[in-house]
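Peer 1: The compositional bias 'Polar residues' annotation in Swiss-Prot covers 109-123. For C27-C54, C34-C48, C38-C55, the entry in Swiss-Prot reads disulfide bond. The region 'Disordered' feature in Swiss-Prot is assigned to 100-123. The annotation signal peptide is assigned in Swiss-Prot to 1-19.
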Amino acid sequence: MKLLLLALPMLVLLPQVIPAYSGEKKCWNRSGHCRKQCKDGEAVKDTCKNLRACCVPSNEDHRRVPTTSPTPLSDSTRGVIDDILTVRFTTDYFEVSSKKNMVEESEVGQGTQTSLPNVHHSS
């Protein structure tokens, strides 16, 4: 029983003493740790999950952002796909002229007549 009472405080204090045991995640290109509060000599560079700060040692230059290398072009010759992708879009323009006087005269002279369409039934 005494051994259990000694082991229990050790298990509770162990995550406080060993940072890697507490499960702190790495951040900022694996040079920082996610913590609730940064220690002395550390600067906040980003935010982690669960509202934690990414604490990076301030004595190193961590201004660089991880970069990716550009994708090399494997073939510089043009193919069918290139021709399809370089199709230029055109827009057709239509002019609409209003002949209001002519429409009014034709409606007055003839009257508005509507005819029903012929319906053919097949048996």
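Glycine is no exception: its Cβ is also placed from the backbone N, Cα and C atoms.
These figures come from a predicted structure and were not determined experimentally.
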Peer 1: Hey, what's the Cβ neighbour count for C48 (disulfide bond) at 10 Å?
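Peer 2: Here the count is 18.
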Peer 1: Quick one: what's DSSP say for C38 (disulfide bond), helix, strand or coil?
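Peer 2: Coil, per DSSP.
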Peer 1: Under 8 Å Cβ to Cβ from C27 (disulfide bond), same chain, six or more residues apart: give me those in sequence order, or none if nothing qualifies.
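Peer 2: Correct list: H33, C34, K45, D46, C48, C54, V56.
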